[in-house]
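Participant: So TrEMBL lists these for the protein:
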TRANSMEM  A:7-33  transmembrane segment
DOMAIN    A:57-259  domain 'ABC transmembrane type-1'
TRANSMEM  A:61-83  transmembrane segment
TRANSMEM  A:90-114  transmembrane segment
TRANSMEM  A:134-158  transmembrane segment
TRANSMEM  A:197-218  transmembrane segment
TRANSMEM  A:238-258  transmembrane segment
Amino acid sequence: MVNRTRNLYLVPYITWIALFVVAPIVLIVYYSFFDVEGQFTLGNYAKFFTPVYMRMTFSSFWYALLITLFSLLVAYPTAYLLTRLKHKQLWLLLIILPSWINLLLKAYAFLGLFGTYGFANAVLEMVGIGTQQILFTDFSFIFVSVYIFIPFMVLPIYNALEELNPSLVYASRDLGASSWTTFRRVIFPLTLDGVKAGCQAVFIPALSLFMITRLIAGNRVITLGTAIEQHFLVTQDWGMGATIAVFLIIAMAIIMIITGNRR
Amino acid sequence: MKQLIRTFAVIFLVAFALMYLTSYLNKSQGYSGGNTLTIYNWGDYIDPELIKTFEEESGTKVIYQTFDSNEAMMTKIAQGGTTFDVSVPSEYAISKMKEEDLLLPIDHSKLPNLKHIDDRFLDLSFDPGNRYSIPYFWGTVGIVFNPDLLDGWQLTSWNDLWDPRLRNQILLVDGAREVMGFGLNSLHYSLNDTNEDHLQEAKRKLGELTPNVKAIVGDEIKMLLAGEEAAVGVVWSGDASEIMDENDKLDYVVPEEGSNLWFDNMVIPKTARNLEGAYAFINFMLDPDHAAQNAEYVGYSTPNKDALALLPEDISGDTRFYPEDDVTAKLEVYDNLGKRMLSHYNELFLEFKMHKK
């Protein structure tokens, strides 16, 4: 009886996973074998290996890598500082707060901030540097993406730092290690899991960014996400869109395996 | 276990009760059956006063829903489960919907006001004999520019865009047909060209434009141009009139090499429930008084020649939006090039976007 009840409780989860995880992936793979006219083909896969798509893949990975790297550079010290503060929970809440606001709204806000007559340029003008083009550059794209992803990087690192046993740090200091050595040899290795989780949470969504590429980068940065959106909405070439999605899924799976915990 | 079943039972009961309640409320407000008309149109694309007038005259309750792209609209109609009686797709979407059998043929005898439409806008390639669609608004693709930022320079042609003075000053609308179209036009080819050499030539030429292009954006282009973020933009005439309403320093030109002529036409989708109401509404909108009122509100160009006569001179005489015959002669409607060719256009456009500065 107990067993049967337990199985019954599983039904909603299994249905959910079957309908919203397994079925869509199967459909994506299925669609990737059809061309625009609905004929069976392997041509989409051949097309993916042409220079256009290869360059797109490369630039997607490159930008995702940069975004992850800068997020980590900002997030690690932030998380470290957070654990030393008095009202940690409050500060943490303040850092997470922006992620409650819709992505699109934030992107539109940056359109205003970074514009030729926006706040950022007004400041630059005031300090005597003069108006620069900020919007529609690599800089603005990476800046805004990092801003959006920081909470996802801070949280896991913060948790890892919180779990760290402080007596290990004291022991290291007692034994004569400098602050830097303590960080390099004790703190960082022990929080590596948090860093990995954070990198996953940033790198994978960053690979398929698409709205920001248009709004903030003015389509000067083309990622695989942009191409998928185009194929599904404009060209209606669902096959090619699905093929790119298949490669993205494979790439993500590989990243999960590499950064996953092998215990 | 019992508790679980009880919870589910309660949820179902509540759901059914709510369903019954809404249908009851709809009925008591007269929202179902023959006296409602569901219109599916672009956002802000009709004078709301006209809907009120129509409701008063016909006693029909109008439900007005909006979409923001032809693709989204087509998907929703194709999926079914909707009851749209009238919709307003663009011309290429009409030929696609015709192919996919999503439209009902239109009986012209039920539309006496059709006689007010200018013959130039009837019987076009996307819908021969207007069997499925009736013109609503039309417009062009052209260049919006800000003479103040360009030392008074008045642009006149597509080839002006390649001028080195415009370095990093151009915003383009994110549309493959539009961008490839002006690339082809600038070389004096048709924007429906399917000759591979011509397409490659156009792509190469567009590649040379890259240093001048600041960004390729969507609807934000209106906000960015009105805010003087860039001096030049390639946009649809409808967007241009909105931009110029916001910032009167800007000007619009239909380039001399020729350009695209587009249409938004009224259609009756397969999902229609209230055919009589749909005909009444289309006929109502074709009435010159109503069409003129609508054109004044929306700011797009009306295909209704008798409505045009009713419009004030500063609108009807504006050659930017009602170009003279020698310009009109060079305008082309997008042909439905077929999925494969369209896909190729998009591929070329994607390659153009990937050009690094």
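Residue numbering: from 1, along the chain as shown.
Glycine is no exception: its Cβ is also placed from the backbone N, Cα and C atoms.
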Participant: Can we call the transmembrane segment (A:7-33) and the transmembrane segment (A:90-114) in contact, meaning three or more C-beta pairs below 8 angstroms at a sequence separation of 6+?
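Facilitator: Taking Cβ pairs at least 6 residues apart, the transmembrane segment (A:90-114) and the transmembrane segment (A:7-33) are not in contact, as fewer than 3 fall under 8 Å.
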Participant: Short question: which residues 6 or more past the ends of the transmembrane segment (A:197-218) have a Cβ under 8 Å from it?
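Facilitator: Those are 60-61, 63-65, 67-68, 71-72, 75, 103-104, 107-108, 110-111, 114, 135-138, 140-141, 144-145, 148-149, 152-157, 160, 224-226, 228-229, 248, 251-252, 255-256, 259, in sequence order.
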Participant: Compare A:61-83, A:90-114, A:238-258 by their Cβ pairs under 8 Å to the transmembrane segment (A:134-158) and return the stretch that comes out on top.
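Facilitator: So the stretch in question is A:61-83.
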Participant: Against which stretches of its own chain does the transmembrane segment (A:238-258) lie, if we need a Cβ under 8 Å and a gap of at least six residues from its ends?
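Facilitator: Residues packing against the transmembrane segment (A:238-258) from afar: 25, 27-36, 41, 44-45, 47-48, 53, 57, 61, 200, 203-204, 207-208, 224, 227-228, 230-232.
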